[in-house]
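Q: Please find one structure pasted underneath; my questions will follow.
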Amino acid sequence: MPASQSRARARDRNNVLNRAEFLSLNQPPKGGPEPRSSGRKASGPSAQPPPAGDGARERRQSQQLPEEDCMQLNPSFKGIAFNSLLAIDICMSKRLGVCAGRAASWASARSMVKLIGITGHGIPWIGGTILCLVKSSTLAGQEVLMNLLLALLLDIMTVAGVQKLIKRRGPYETSPSLLDYLTMDIYAFPAGHASRAAMVSKFFLSHLVLAVPLRVLLVLWALCVGLSRVMIGRHHVTDVLSGFVIGYLQFRLVELVWMPSSTCQMLISAW
């Protein structure tokens, strides 16, 4: 027994790894990975496989995700066209808004441009039509003025209803004036001044005998009213174009429901 112990001590002394400079090689590293046996134990019978329901749910999600990605990354042609037209509309409206603020390039002409827009406002037109109706002494004149008043009231209600429904803001942060609040012309789409100018100009061209220069000036006035609303930053270009279309449609509607002279006289006498 003592002989075997002495032989074991001799082997330990002759072992190179038992020297002081190699003792660190025999010690396991701190914070190192666990031995493989622990990994085999973790993957043993005690580990439970995921339930079958989760796997089916993940497969369904993986099948749905590529379709959603394709829908987002490949929009339809209508969506691309609509977004492109909207971007062009905003860019043109920003460029044409040269009187939108005090720091704009045409800020000195803002008052004159706003004055042109006021000529297409509903309050002056309704007030002027009522005044002319009171002063008129002919049945034909009263008939035309009563139908014009009907067209103006129809325009205000139509524009206010569509603006309240869509609620589109203008290209610049401009607050509506007091006259705009009175006629409920608060939002941008459609442009109420443009629809009114188009409707009134078409009405006058159809029911008044005017010389050719006056007809040309009437059309130019309607175009200038619409352009002035874009220049002060109140409306987009598409708002004004839509206003022109709505004004023409309103004129056609008034022509369909035109009140005869007898109806106009009855309304005037009741008033």
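Cβ atoms are placed via backbone N, Cα and C, with glycine included.
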Q: So which range, 71-91, 113-133, gets flagged transmembrane segment in Swiss-Prot?
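A: Of 71-91, 113-133, Swiss-Prot gives transmembrane segment for 113-133.
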Q: I'd like to check whether THR183 and SER262, as annotated in Swiss-Prot, sit on the same side of the membrane - that is, whether they share a topological domain name.
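A: For THR183 and SER262, the topology recorded in Swiss-Prot gives the same membrane side.
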Q: Would you please say which range out of 70-91, 136-157, 202-223 has the annotation region 'Interaction with MTOR' in Swiss-Prot?
A: 70-91
Q: Who are the long-range neighbours of the transmembrane segment (113-133) in its own chain, taking Cβ under 8 Å and residues 6 or more past its ends?
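A: Result: 99, 106, 141-142, 145-146, 148-149, 152-153, 155-156, 179, 182-183, 185, 192-194, 196-197, 200, 221-222, 224-225, 228-229, 231-232, 234, 268.
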Q: In the topological domain 'Cytoplasmic' (261-271), how many residues does DSSP put in helix, strand and coil?
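A: So the topological domain 'Cytoplasmic' (261-271) is made up of 10 helix, 0 strand, 1 coil.
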Q: Can you tell me how the residues of the topological domain 'Extracellular' (224-239) break down into helix, strand and coil by DSSP?
A: 11 helix, 0 strand, 5 coil
